[in-house]
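Positions annotated as domain 'ATP-grasp' by Swiss-Prot: 104-287. The ATP binding site annotation in Swiss-Prot covers LYS141, GLU178, PHE179, ASP187, ARG211, SER212, ASN213. Marked as Mg(2+) 1 binding site by Swiss-Prot on the basis of sequence analysis: ASP248, GLU260. Annotation comment: Swiss-Prot describes ASP248, GLU260 as Mn(2+) 1 binding site, evidence class sequence analysis. Summarising the annotation, Swiss-Prot assigns Mg(2+) 2 binding site to GLU260, ASN262. For GLU260, ASN262, the entry in Swiss-Prot reads Mn(2+) 2 binding site, with the evidence type sequence analysis.
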Amino acid sequence: MKIAILSRNRRLYSTRRLVEACTQRGHEVRVIDILKCYIDIASASPAIWYMGEKLEGFDAVIPRIGASVTHYGLAVIRQFEMMGVYCLTESIALGRSRDKLRALQLLSRKGIGLPKTSFAYNVYDARELIKLVGGTPLVLKLCEGTQGKGIVLAETQKAAESVIEAFRELRAEFLVQEFIKEANGSDVRCFVVGDKVVASMERTAQDGEFRSNLHRGGTAKVTKLSPTERRTAIKAAQTMGLKVAGVDLLRSSRGPLVMEVNSSPGLEGIESATGKDIAGLIVAYMEENAKPVTTTRAGKG
């Protein structure tokens, strides 16, 4: 197959591993910076141009779209879809997962376990938001944050009210969520490919930190999932319509709770912790499922 990897940095671990996996399995692969693409929107022959070259003949696309360029990345993916190219991550699925509020609404509708969450545009009484999630301590999350950025732990009522007021003054959209004490600073990353969890790891925050993201100094080790955790991760990915996803769970007294469904999960942490060839599993999935698409088909999920 001729495969395009949409990535702004070919030196990133995940991009390098996907290139290696494609090459080792005999595919032609190119890394394309989406910000250097420009789109020819025409009903007869939609096209994408890249640094003066018309992109043609691709069988499949692997989007690795950073959060900061989601809007333009979605436009490029949609254009590939209009051209009939198979996209591992569909535009609809990517858009759902990047909108944290929409993602939680979809997961809630499917009956998937979630932390108690409240959201508002302009609440004059912060105490009402706090009451909805069961009081303090609680977690406040900017809707646009990634990799643990834009997340604050408020341990007291006064602290929570102050942060809510600050976010409101900035006109920032944010979520208020209950703090799951029994998770003890750990979460579980489930890596889903297709309809299977192919790897899982437990991430633990460093001392003095409540966010377990590896980008923030957290550590990771292999963990065994319960059948319920496995089913929850798969159902969460399918709800978003994602064929490849990193589903983050908290282990709580009422069962697994989904924190986030990541549409562009990093490979370095999960491959290092588990020793598995995740990049190879992703390419193998594409080999079995990549088929030309039509512009009339609806996104899954």
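Each Cβ is built from the backbone N, Cα and C atoms, and glycine gets one as well.
Mean pLDDT across the domain 'ATP-grasp' (104-287) comes to 90 in this model. Using CA atoms as reference points, the binding-site residues ASP248, GLU260, ASN262 were checked against LYS141 (ATP binding site), and the closest is GLU260. Using a 10 Å Cα-Cα cut-off from ASP187 (ATP binding site), the binding-site residues that qualify among ASP248, GLU260, ASN262 are ASP248. Rounded to the nearest whole angstrom, the C-alpha distance between ASN262 (Mg(2+) 2 binding site) and PHE179 (ATP binding site) is 20. A Cα-Cα distance of 15 Å separates PHE179 (ATP binding site) from GLU260 (Mg(2+) 1 binding site). GLU178 (ATP binding site) sits 14 Å from GLU260 (Mg(2+) 1 binding site), taking the C-alpha atoms as the reference points. In the three-state DSSP assignment, the secondary structure recorded for PHE179 (ATP binding site) is coil.
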